[in-house]
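Engineer: Feature annotation from TrEMBL assigns transmembrane segment to 36-59, 71-89, 109-131, 152-173, 218-237, 249-271, 283-303. According to TrEMBL, the feature domain 'G-protein coupled receptors family 1 profile' maps to 51-301.
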């Protein structure tokens, strides 16, 4: 840590950049790609909000879906997806539109807090959904008891609380660090690793925390998910009929696709030392889990889902009958 301490020597040592940081973003202001990126990312963001909002409304307006643990967790996942994207994309679009890259110090820490909070909540929710599928397929007779409404509510609440407690820990640790380098963050939002690299304080404590507690928090849900699917597949392979196997696999395929998209990129970025952070490569990965995955999730869960399609048809038919009565 000697080089970082030396960098702070001088009249500006131990400053925390009260005026904020510079987000380098995806492209430079003079690149000319803004005219392509702005409508593209805006379309993706609006599609994310629309798709996930429809899923939440369908689940809470349809009694059959709202009583199902699988769809209960899916509604929470959709809420987390919307929060996850809304934490980063609007600020990025604003910077692209106005050709400014500034973010205040408090705004940066606030963005990091919500980004980590929604991200960790999503990983816990994905693990909870995997456990739900495990109980449904491997212990169907106990499913109604193990996954009753009270247990599901406690599990979902735990996902949100643990996710934001984890985020609060890192935000508090980051608030005690000093920043006296260039103030330029090689990213399009305030993320943990680039901020750690930007600090000129002793970052050994927070780096050790990311490698221990952070790894457990990220890899833990992934291992729960992986173990659940290993047990599920071993159970499904014992089903004698091909139709039974297809039905069991179809109930898991959407969730498994989301797991691969989310955990595949997130673990590659976060489960490693901050010193190995690569701005360009990790920025591309961040686009995947902040924009692409939240946008695709509604389509992944609804395109081949007959129950979601049936719920949408029921709501549309009710609305049409109500409009006819009013006329």
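All positions are counted from 1 along the displayed chain.
Quick reminder: no glycine exception, Cβ is built from N, Cα and C everywhere.
Could you place these features in context, so I can see how deep they sit and what lies close by?
Structural biologist: Sequence-distant contacts of the transmembrane segment (71-89) (same chain, at least 6 residues past either end, Cβ-Cβ under 8 Å): 41, 44-45, 48-49, 52-53, 55-56, 59-60, 65, 111, 114-115, 118-119, 121-122, 125-126, 128-129, 132, 152, 155-156, 159-160, 188-189, 258, 286, 289-291, 293-295, 297-298, 301, 307.
Distant neighbours of the transmembrane segment (109-131): 70, 73-74, 76-77, 80-81, 83-84, 87-88, 91, 103, 155-156, 158-160, 162-164, 166-168, 170-171, 174-175, 189-192, 195, 217-218, 220-222, 224-225, 228-229, 255, 258-259, 262-263, 266, 289; these residues of the same chain sit at least 6 beyond its ends, with a Cβ under 8 Å from one of its Cβ atoms.
Panel annotation: around the transmembrane segment (152-173), residues 69, 72-73, 76, 109, 112-125, 128, 192, 205-206, 209-210, 213-214, 217 of the same chain, lying at least six beyond its termini, place a Cβ under 8 Å from a Cβ of the stretch.
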Engineer: Taking a Cβ cut-off under 8 Å, which residues six or more beyond the ends of the transmembrane segment (36-59) line up next to it in the same chain?
Structural biologist: 26-27, 65-66, 71-72, 74-75, 78-79, 81-82, 85-86, 89-90, 92-93, 96-97, 291-292, 294-295, 297-299, 301-302, 308, 311-312, 315
